[in-house]
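Colleague: This is the structure, below, for whatever I ask next.
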Amino acid sequence: MVELIRSIELKVMDDKTDNAMTEKQLLEKEQLALVAPKNPDAETLSSDDTATTSSGSEQLKPKVKQREVWANKIDFLLACIGFSVGLGNVWRFPFLCYRNGGGAFLIPYFISVILGGVPVFFLEVSLGQFMSEGGIGTWKISPLFQGIGFASAIIVFLLNCEYNIILTWSFYYLFSSFTSVLPWSHGDNEWNSETCRSLYRNAKNASEQLTNTISAVANQTNNTLVYVTEATNQLVNTSVSSNETSNKFVCDPVTEFWERKVLQLSSGVDHPGNLKWDLALCLLLAWIVVYFCIWKGIKSSGKVWVDAGTQIFFSYSISLGTLTALGSYNRFNHNILRDSLLFASVNSFTSILAGFVIFSVLGFMAKKQGVDIESVAESGPGLAFIAYPEAVSQMPVSPLWSTLFFIMILLLGIGQSEKLRRGKRREIFIGIICIICFFIGLSMVTEGGMYVFQLFDYYSASRIVLVVAFFECIVVAYIYGMLFWYFLGIRRFYDNLEMMFGFRINRWFMLCWTVITPIFTMGMFILGAISYSELTYKRKTLTYEYPSWAIGIGWTLACISVIWIPLFMIYRIANAKGTFAERFLATTKPVLRRHQLREGEDLSKIILLDDTLSETESQSLERNDIIEPPSYQQALLGASVELKKHNSDLNV
């Protein structure tokens, strides 16, 4: 209707200057205005567009729903990096790499980047930019499959519950760093085992005695001092190494701080134990910080392959709906292909850098404890909270470095929690979500909370994101813009990308979206099902096997998100009219606006939304309902009525 009002104004002005123009010619001009694409930024971004009569006495303001955009082109790239590059890189990647053979893990990792990560990342952000909608509204390109958006929202909700537990642990370590001596740097604490305390005290006494001996001869020559120092070091290592060899799985201050102090780990998931109030308060603080950071909106073997593929999707934040939301705040003509490639480089580099740090520390710990690297620490989610604290404890002024490190971890985690929302109602909604997630998170800060945390981490998103990505590729490649038996979806989307970028992108992405990436994602999911092994918790001294009822809860977490895709399809088909084929065609018609139309678009194959909507229609759109457009004859009739009305006003 913005275009309708503008065209009416032009017609009235033309009528005053050129009386030779007939009404038929005016209607033909109106017909062209109804289908002609115009500058999308002017439509979706400007709030000052007005149309006036020739007398200038009245302003007709179109009801265009304004959408925020990034202030600068670099803001989108920084937002993607800030959201995706974080805990998945410095926390999850190292323990998956450690669990799957170290360096050998990089081969399937980089193959997954090329075949899955970059193509799906580019697909999601470009969809968001084209549709200017969030994670759910974007799938109006094929309303039958809008359940993809709801599945992504559920996955994000579950991941929020899990991720803030990592922030909770980080807050705990941060507060524990406010001391002159880091508590995990020695074994003489009340929570340490008796064996560890005895070994530490014996080594400390031996060191003091030898230091006194050195002091007695320290007045001799430098060569003598060097000789005595070297002999002392050898003696210290010899006196302690025999005890460490027999107790190498017992005395590890860093691991004992993690398991006996931070977690106070119980014997299993069926023994939740008491609520740890110190962790509960840290969890509350984490959610308070997250809320106030997001409520104001935008400011400026087979198993190895499966782990590699899911890690790419996890660290790239794919299939979560957030990338489409970030992309939707781009201007229509922004070149996101360049940003996608830059993002992939930064993300993977960060993961590899974190892996180097972790494995360097693990090698040091293995050498120090006299054990193989496979036995130096647990291979689960707690690996980062063992290796990183061990690293900072070896540095001079270690409390300072520990404080800075865990502040960095908190900033990374909080950056991944940012959402682009504004408005009072949404602020209340975000507050409610934070409260719900907090109470769910309380189950993970009990003495058995680590077992619950691993259920969320293993089942809620790891493999399900592959299924969601598969459906995303299928919808864009084969359903969007489908014309009877001939599938033109991917060609339509390529045309849309050319409209945005001004050039035709490489056909490699067409090949990925139609063939390679769907086969890759579904293949990884099937391979994961074939090589599936039930969840276990591999600690340093033992391996815990989950009971069958806990595994059932895990599969419930896995299905609670993806089930929305078929449920929404059933809902759409059931509420449509006609035969099954007619219902399918009706519910797969893309819902587009005028600036999203291609040249020569067949309007019978789409649902064209008006640019000026009534309040009722706007609310209907927010509920993701389909609004049928007026027919062509109705549009011409409406234009004729408006013209006659304005001509009548001018004559008066």
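From the backbone N, Cα and C atoms, a Cβ is placed for every residue, glycine too.
Just lifted these from TrEMBL, have a look:
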- 42-58: compositional bias 'Low complexity' (COMPBIAS)
- 39-60: region 'Disordered' (REGION)
- 74-93: transmembrane segment (TRANSMEM)
- 105-127: transmembrane segment (TRANSMEM)
- 139-159: transmembrane segment (TRANSMEM)
- 279-298: transmembrane segment (TRANSMEM)
- 310-329: transmembrane segment (TRANSMEM)
- 341-366: transmembrane segment (TRANSMEM)
- 398-416: transmembrane segment (TRANSMEM)
- 428-452: transmembrane segment (TRANSMEM)
- 464-488: transmembrane segment (TRANSMEM)
- 508-532: transmembrane segment (TRANSMEM)
- 552-574: transmembrane segment (TRANSMEM)
Colleague: With a cut-off of 8 Å between Cβ atoms, can you find at least three pairs linking the transmembrane segment (508-532) to the transmembrane segment (341-366)? Only pairs 6 or more residues apart in sequence count.
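Modeller: They do not touch: fewer than three Cβ pairs between the two stretches lie under 8 Å.
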Colleague: Among 139-159, 279-298, 341-366, 398-416, 552-574, point out the range having the most Cβ pairs under 8 angstroms from the transmembrane segment (105-127).
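Modeller: Result: 341-366.
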Colleague: In the same chain, which residue numbers or ranges, 6 or more beyond the ends of the transmembrane segment (552-574), come under 8 angstroms Cβ to Cβ?
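Modeller: For the transmembrane segment (552-574), the list is 143-148, 150-152, 154-155, 158, 455-456, 458-461, 463-464, 467-468, 471, 535, 546, 580, 583-584, 587.
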